[in-house]
Amino acid sequence: DLVDVCGYPLSIFFIVVNEFCERFSYYGMRAVLVLYFRYFLKWDDDLATSIYHTFIALCYLTPILGAIVADSWLGKFKTIVYLSIVYTVGQVVMAVSAIHDITDTDRDGTPDNMTFHVAMSMVGLFLIALGTGGIKPCVAAFGGDQFEDHQEKQRSTFFSIFYLSINAGSLLSTVITPILRGQECGIHSQQKCYPLAFGVPAALMVVALIVFIMGSGMYNKTAPKGNIMLEVCKCIGFAIKNRFRHRSKTFPKREHWMDWAHEKYDKLLVAQVKMVLKVLFLYIPLPMFWTLFDQQGSRWTLQATTMDGNFVRVTCSSHVLLPVCQTVNPILILALVPIMDSLVYPLIKKCHLNFTPLKRMTVGMLIAALAFVAAALLQLQIDVSIYSIYTHTPPHTHTPPHTHTYSIYTHTPPHTHIHIVYIHIHTHIHPPHTHTYMLLTCCFALSYRRFVNGLGSPLNVTLGVGDIAPLSVSNYSLVPQGKAEFTIMNSGGASCLYSKELGFGSAFTLVIPSTFNIGIPDVVEDIKPNTIHMGWQIPQYFLMTAGEVVFSVTGLEFSYSQAPSNMKSVLQAGWLFTVAVGNIIVLIVAEAAQLPDQWAEYILFASLLAVVCIVFAVMSYFYTYTDPAEIEAQFSQPEHEPEEKKRDRVEMERKDSDCSKSSKGSDKKKRDSVVEQHNQDVKQSKM
């Protein structure tokens with residue numbers, strides 16, 4: 001017997017907690033995934049974006065597999081347990097792949113065998129995609145199975161709480177995991193703590209699995225009854241095959257091509273498939289919306305790395321700046337959904353405007369296109385701030401990958417022969433702007449006759465820079481944003497302390513005289529700190545979230561209202577499939593376009609969505625809303641169905657016989673046999 005608490009099955013507590021932990025695990029890992037690709041695996045922006053969207057597409061393709069396995073073979077409970085184990089293993093593998101010390105044999109903080117880390121991360125992501133996608137269609141449906149038929153109100157409340165747990169897990173994880181990533185960890189050298197950022201989501205997935213199994217004895221576990229999705233596919237396949245087999249003009253045309261399935265399948269099933277196909281046809285333009293929507297976690301995140309993210313200097317200056325705008329999405333969803341339902345839509349209705357679900361979806365697509373226009377305008381301003389200074393690679397320096405380098409100025413004080421050592425501190429313009437790349441270059445002054453070493457002895461600089469040999473270049477070191485203090489020592493043991501406030505994206509040159517008496521140093525600011533604040537991304541996130549609420553929530557409600565009672569899962573799988581296709585489109589368009597400017601790519605995507613929106617509006621205009629319950633009620637008299645179906649089959653058999661090259665005698669015998677069998681079947685069905 002099921003245990004009830006306040007009218008609710010106690011088992012749903014375990015399901016809600018499981019969903020919260022699973023969503024925390026998934027979105028937490030995803031929040032730093034692009035940064036992991038970009039700054040740990042050292043991939044460029046395009047490759048990081050491509051692999052990210054390939055992973056998202058796979059996450060939304062595997063639900064179809066999970067639904068088939070659950071309904072046809074294992075059942076929902078076993079499917080969730082087994083695939084959650086796969087999911088957990090994938091998260092652990094991801095955490096292990098981010099431990100740089102595993103292959104850092106020379107202990108310099110950089111993995112020496114990057115192939116190992118790439119291979120491990122790809123295996124981990126594949127297992128995660130298989131796990132999260134496989135359980136996606138099962139958990140919510142399994143929760144609904146815990147309620148009796150008379151508990152419709154409680155079931156509705158459960159789904160609201162279930163959706164709330166998803167957004168709560170998403171919101172918390174997108175805040176916490178970037179903080180974890182910002183920590184420094186390592187055995188031999190301290191680096192950004194990706195193992196912790198991936199390890200905590202892995203731990204949450206272990207908790208999710210344990211909690212779900214703990215409720216095993218309380219669950220209502222329904223046995224697999226066969227997958228309706230497979231039945232729909234078989235029905236469609238038979239209709240196509242039967243139509244092709246009877247393509248001759250001898251056979252009369254039928255009102256709908258699915259009517260060719262009547263010889264084998266019930267008319268009720270055929271009518272239900274027609275309703276599903278009618279909605280799936282409207283789904284064709286929808287992937288373009290998800291093409292734009294899911295770039296919040298890739299292109300928009302990378303855009304944020306070129307901006308000033310100092311929201312609250314005391315609490316945010318070190319770790320949380322980069323994905324801070326990603327938290328805007330779940331917050332706005334929780335705020336906008338009730339606002340739309342209780343204020344905006346009723347107000348539109350009072351104005352006597354027929355704002356149908358399909359019109360809402362069209363408006364949502366337009367709003368999403370405007371979000372990318374806003375992103376393009378912001379990108380133009382970022383480009384102006386970044387490239388406003390003439391750049392070139394100075395001599396005797398090494399250029400960090402994916403950076404711009406700035407002039408190193410040589411300087412000799414007037415009326416002296418003191419040669420200068422330049423320490424060029426270079427801020428990388430692409431990495432997370434919680435840190436600064438620092439390039440220290442020991443230069444020497446050029447006289448007319450000879451080269452003279454300014455100091456003629458090694459230097460040692462703190463903050464991870466280390467020793468700098470004469471006439472050599474230091475390695476790059478990450479320096480936290482904010483006030484940085486450098487201790488500079490020469491071989492004689494003399495030292496000096498220099499401190500400077502480092503802004504986001506800044507680059508400056510520190511001039512140290514050969515006397516090693518810095519005093520008031522000569523500082524040349526090669527490039528000013530990033531002046532475009534990350535807060536300017538909020539408008540585009542607001543527009544995208546508003547578009548999501550109007551488009552996605554309405555689309556799900558529309559699909560549910562237009563789907564037959566036993567085929568809700570088919571349309572759910574179709575909806576998830578549009579998300580997968582949308583992420584694949586990102587890969588195709590980004591690779592095919594090869595636009596040199598990021599703002600142009602944003603405009604391209606916005607234009608494509610606008611065109612698709614027009615196509616969808618035209619398709620919506622010709623769509624006729626149906627009532628599935630009313631159509632299904634027309635077939636509520638099953639006693640007439642077998643006779644009609646047999647009559648159609650007899651007629652088809654007769655026409656097949658007429659077209660064959662068999663003798664008339666054999667044709668007659670075959671028809672007589674079929675008619676006789678038909679009469680017996682009809683009598684049997686009426687008994």
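Each residue, glycine too, has its Cβ placed from N, Cα and C.
Annotations in TrEMBL come from automatic prediction, not curation.
The transmembrane segment annotation in TrEMBL covers 47-68 (among others).
Sequence annotations record features per position, and here TrEMBL assigns transmembrane segment to 80-102 (among others).
The transmembrane segment annotation in TrEMBL covers 114-135 (among others). Sequence-distant neighbours of the transmembrane segment (114-135) (same chain, 6+ residues past either end, Cβ-Cβ under 8 Å): 22, 26, 29, 36, 40-42, 55, 58-63, 65-66, 69, 79-80, 83-94, 96-98, 100, 102-103.
Taken from TrEMBL, the feature transmembrane segment covers 156-176 (among others).
Feature annotation from TrEMBL assigns transmembrane segment to 196-219 (among others).
The transmembrane segment annotation in TrEMBL covers 275-293 (among others).
Summarising the annotation, TrEMBL assigns transmembrane segment to 360-380 (among others).
Long-range contacts of the transmembrane segment (570-590) within its own chain (CB-CB distance under 8 A, at least 6 residues past either end) are made by residues 46, 49-50, 53-54, 56-61, 63-64, 67, 136-137, 228-229, 232, 276, 279-280, 283, 286-291, 293-295, 298, 555-556, 559-560, 562-563, 601, 604-605, 608. Summarising the annotation, TrEMBL assigns transmembrane segment to 570-590 (among others).
Through the fold, the transmembrane segment (602-623) approaches residues 278, 281-282, 284-286, 288-289, 291-292, 295, 299, 356, 358-359, 361-362, 365-366, 368-370, 372-373, 375-376, 379, 589, 593, 595 of its own chain, all at least 6 residues removed from its boundaries and within a Cβ separation under 8 Å. Per TrEMBL, transmembrane segment is recorded for 602-623 (among others).
Per TrEMBL, the feature region 'Disordered' maps to 634-687.
Taken from TrEMBL, the feature compositional bias 'Basic and acidic residues' applies to 638-687.
By the Cβ criterion (distance under 8 Å, sequence gap of 6 or more), the transmembrane segment (80-102) is counted as touching the transmembrane segment (196-219), at least 3 such pairs being found. Within the chain, the transmembrane segment (275-293) has long-range Cβ neighbours (under 8 A, six or more residues past its boundaries) at 232, 236, 258, 358, 364-365, 368-369, 371-372, 544, 547-548, 551, 555, 558-559, 562-564, 567, 570-571, 574-575, 577-579, 581-586, 589, 605-606, 608-609, 612-613, 615-616, 619-620, 623, 626, 628, 631.
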